[in-house]
Amino acid sequence: MTESGSKLRIFKILKIIISSLLITVLLLFTIAAIRTLSLDVNAGLQLAHWEKTNNKSLVIDHHQREELLANFKEAIRIPTVSFSNTEINTTALLEFDRFLRKAFPTVFSSSLVHHELVGNYSHLFWVKGSQPELVPYMLLAHIDVVPASESDGWEAPPFSAKEIDGFIYGRGTIDDKNSLMGILQALEYLLLKGYAPRRGFYIGLGHDEEINGLNGAMNIVRVLKQRGVQLLFVMDEGLTISDGIIPGLEGPAALIGLSEKGQATVKLSVSVAPGHSSMPPRETSIGILATAVKRLEDNPMPRLFGYGPEGDTFEHLAHKFSFPLKFIMSNLWLFSPLLSRILERKPVSNAFVRTTTAVTFFNAGVKINVIPSLAEAYVNLRIHSAQSVEEVLDIIKDTVGDQRVKVELVYGFDPLPISGADEKAFGFQIIKKTVLDLFPTVTVAPAICVGNTDSRHFIDLTKNIYRFSPAWFKPGDLERFHGINERISTKNYEEMIVFYFNLIQNCDIRKLPEPHSSVHEL
């Protein structure tokens, strides 16, 4: 074959390859464009014919508004702080018990409601339904709060419940006495209106959620198990309504947690012979451990975006973004790696992408002129749905890569199962309907809860656990969670009461409607 013939053959092969690539790109672009224009994850149940019910309406008058706000403020003023597994404010918990009985007399006196104390300080309510064949559900909230000190920079004392410019400030206003008081206030109003549920339900109020719920939620679960109770779904705190927090998203979004991350507390320790600071070795225990910690921070856990419910979150929100983000989020099958790189740039969104690693304690040294024999660091990890505690431990050991550093699991549990969010998922669709009825401009999407809740203890009682409260979070509000200046607007607290008032009634339908259309899938 001549040289010109060889060049011609190479040219033809290159032409075929380039043409094939162009055709492939064009085909992928066409498929992506069609999906972008046709994807409607919200089609279906919201258009369907829901079972007719004679729901009672709630219009809060001036007197009721003053009373419900006074009750809520009194709840905030009781410092039900959980400091540690061995230190909780039992005096405040007993005071809170007395307060609840005073604030909600109808709940505690109604023949429809059975109340009992569990684990000395937690509360379990059973509201009997008129149709016992309907499987009951459960609403959860917790009484305890994390510590807070005015010296940290609060605008108002953290247990003052002071009202400033329409906001009530105080520890517990968003975690989690807003939900607790909202649920009980809604039930109080329903009972006063003569409401009797068709579908029975439970309300569980744990007293030690902030220290893992070992005596509160776990004892409530034990009681229900002994009685053979199975639940249709559980709804607890977790995610909220985000307004202006997700960059590029047009309008607010109600994110309903289908799962929550796992958790692990890992201790790293280095033990060497002690010595005098005047004759230091080349590496001290602190230096060795500091190097190990730096390796963990420099080498984050692998990106796992798309392997958990977080992919569905962005597909549900895609239609509320402008191009090109709408195009990207409608086609995560193609752009998932690109989006995950964008999300990992900020701490808030990075939590959706991977297992997060946070060094929270570093202990070493006993005297200024003594080289310490022992150095310890504690690492808190929030584990992505696609990983396990065991896998995370293996990665830590490989990343540290130093036999002198001992790696020990102090406490941990795997990520929780992912609950349903399709058209047959009763709990999800009821929550979604209740949100849209009250807030019609809000977009509803499934999501992953990056924190942990009492609801994780209930996995043996139901396959469907949802983490959501209708609290509105605007830019800057996420930092108030366990931070300073925790607050809620009086308007939003009132909305929460109306939400639970409607949710309880919406659960009375026997079954979900048949959808008019189904979700488009590629």
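Glycine residues also receive a Cβ, built from the backbone N, Cα and C atoms like all the rest.
No curator has checked TrEMBL annotations; they are predicted automatically.
Here is what TrEMBL records for this protein:
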- Asp144: active site (ACT_SITE)
- Glu209: active site, proton acceptor (ACT_SITE)
- His142, Asp175, Asp236: Zn(2+) 2 binding site (BINDING)
- Asp175, Glu210, His482: Zn(2+) 1 binding site (BINDING)
- 259-403: domain 'Peptidase M20 dimerisation' (DOMAIN)
- 12-34: transmembrane segment (TRANSMEM)
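Structure with TrEMBL features highlighted.
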residue	record	Cβ neighbours (10 Å)
His142	Zn(2+) 2 binding site	28
Asp144	active site	29
Asp175	Zn(2+) 2 binding site	22
Glu209	active site, proton acceptor	29
Glu210	Zn(2+) 1 binding site	23
Asp236	Zn(2+) 2 binding site	28
His482	Zn(2+) 1 binding site	15
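Rounded to the nearest whole angstrom, the C-alpha distance between Asp144 (active site) and Asp236 (Zn(2+) 2 binding site) is 14. Here His482 (Zn(2+) 1 binding site) is compared against the recorded positions His142, Asp175, Glu209, Asp236, and the shortest C-alpha distance is to Asp175. Taking the mean position of the Cβ atoms of His142, Asp175, Asp236 as the Zn(2+) 2 site, the remaining residues of that chain whose Cβ falls within 8 Å of it are Leu140, Ala141, Asp176, Ser179, Leu180, Gly206, Glu209, Glu237, Gly238, Thr453, Asp454. Those same-chain residues not listed among Asp175, Glu210, His482 yet with C-beta within 8 angstroms of the centroid of the Zn(2+) 1 site C-beta atoms are Val145, Val146, Asp176, Phe481. If you take the Cα of His142 (Zn(2+) 2 binding site) and the Cα of Glu210 (Zn(2+) 1 binding site), they are about 9 angstrom apart, rounded to a whole number. Residues in the domain 'Peptidase M20 dimerisation' (259-403) partition by DSSP class (helix H, G, I; strand E, B; coil) as 61 helix, 35 strand, 49 coil.
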